[in-house]
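These notes concern the structure reproduced below.
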C-alpha cells in the first residue's frame, strides 16, 4: 500500500479496493489480520492529510503560463502526484508548527528563539517580532488557535520604545507593520487594523528629515531619529515602505501616510540619475545620490521589488512607477548580468564605478522571481518579454546550482564568480544577441543548465561566505517561476531544499542557520539563531510552492519584501482627490 518512488522520502499511497480486500480475506484466511491492521493504520494516519488542505474559499485558477516557443525543452524528471504534494505541504506545515512552538515555549514574547540553547534574542525592539512575522503564515496554514492567541498578544502592544532605544525603521515597517496589514487583509480582524494604524503613526516621524527620506531609526517615545552606520539612507530603506504606507492610507483614509511615502518616490522621479542606474546610498539631508554602486543585492534589493509591486498593488494606476521599474530593470539586464566562462552560469553582480565585482549574493536570488512577475504582468513587446523571462529562468537556475553544488544541498550566503579575462566578454545580453544572429540554435547563453558540479574546481565560483542563514530568496523565486511558467521542476527543486533544511537545520526546538554549507560531516555545524523571516518567508514560500491551489493569487495580491501579502486595490475618486493622485 505504501511504495517508495523516485528516491528517499517520496511516497505514493494506494488504498486497496473493496474487491481486493475481499480477495485478501478469502484467499488468506489465517494471515489477514496484519494486512487489515496495516490498512487501518494507514487510514488513521494519512486520512486527515489526504482529506485536509487549505479552505475551499482559497481555491483560485492559476495565472496563464509564459511560453517560450524558441526554447527547445530540456529533460525534466517526473513530478510528484497530487497526493505527494499534499503530503509535502503538510510536512512544511509541521515544520512551521515545530519552529513556532519552540519559539512559543522557550522565547515568547521576546523577538527570536535561539534554537540550540533555548535562549532568547531581542534584536528588533523586543516587541515579539516572530509573532508579527509568523501571523499571516498561521492564517494561510489554517492554524487558528495560534493566530487567535497571537492577535490577543498584539492587541495589548503599545509600541513605545524604552528610554534611549531606537526602533530600526526599515525592519519595523516590513516585519511588524507588514505583518499587521497582511493579517488584517486576510482576517479582517479590527484589532489588527487598530494596531497597524497606531504603529504606522508612531513610525511616521522617521520621515521628518531635511529631504523627506526616512532616518535609519526612531524613538517612538520622543520622535527623535538616528542615522545608520553609513550616515546615509539606503535605497532599500527609501523605497521599501510604500506598499505598507499606501495600503494603510487606503484602509484608514489618512493622507499623511500616502504623502510621506510618496515624497520618497518624487525624489526618485526628480533624481539626477542616468539610464535608471540608481545607487545604493542617498544623502539623507539633500536627497541626492551619495555613491556610485549599482546593485540588486544588499542595500538595494527590496527597492527594486517595490517599484513593480507598487504599480501592481494600486491596480496599475501609477504609471510613473511602472516607467521607473522598466528603466531600472533594463539597466539591470544591460549592466549587471554576466555569465561564467565554463558553465555559463547567469548571475547578477554589483558594479561600483561600472566595474563588476563578481560577487553573487543569496539576497539577489529574489531577482529572477521579480523579473518573471514583470514578464507576466507588464505589456512588453514580445522581444523584451522574452529577454525578461530568459533572465529570470537563467538566474533562478544559478541560484539552484549554488544549492545543488554543496555537500549539504543548501546555498551559501555569498559566492565569488569566476570572470572572463576581459569583463565585457562575460556580459550576458551581448552574448544573447550574438546567439540570435547565429540562428538561435539550442538554448540561449545562461539557460543551458549544466547540472551540478562534480567538484569544487568545476564550480566556476568560490564560496565567499559559507553560511546558510535560512534565507528565503531562492525559494521565493522558485515559487513565482512555477506560478508564472507552470514548470513543475521548480517545485521539485524546492522539495530538495526542504529535505536539506530538515536534515541539517532542524533542532529539538526549532531550526538553526548553518555555519558552513560545504561541510562533509553528517551534521553540519549550526548557529544558535532562528531569524523570524524563516517563519514569515522561507516556510511560507515552501508551503505555497507545494500547495496545488493558489492560496495567494498573484493577480489579487502582492507580497512585501518579508512575504506579507497585501491585496491589490483601486484608488477611489475620493482618495485620488484627497491624496492628490493624478
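Keep in mind that glycine also has a Cβ here, set from the backbone N, Cα and C atoms.
Unlike curated records, TrEMBL annotations are generated automatically.
From a predicted model like this one, the values you see are computed outputs, not experimental measurements.
Database features (TrEMBL):
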DISULFID  365-399  disulfide bond
BINDING   561  Ca(2+) binding site
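Locations of recorded TrEMBL features on the structure.
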{"residue": "365", "record": "disulfide bond", "Cβ within 10 Å": "30"}
{"residue": "399", "record": "disulfide bond", "Cβ within 10 Å": "29"}
{"residue": "561", "record": "Ca(2+) binding site", "Cβ within 10 Å": "25"}
Given residue 399 (disulfide bond) and residue 561 (Ca(2+) binding site), what distance in Å do their CA atoms have, once rounded to a whole number?
18
Could you measure between residue 365 (disulfide bond) and residue 561 (Ca(2+) binding site) for me? Cα positions, answer in whole angstrom.
13
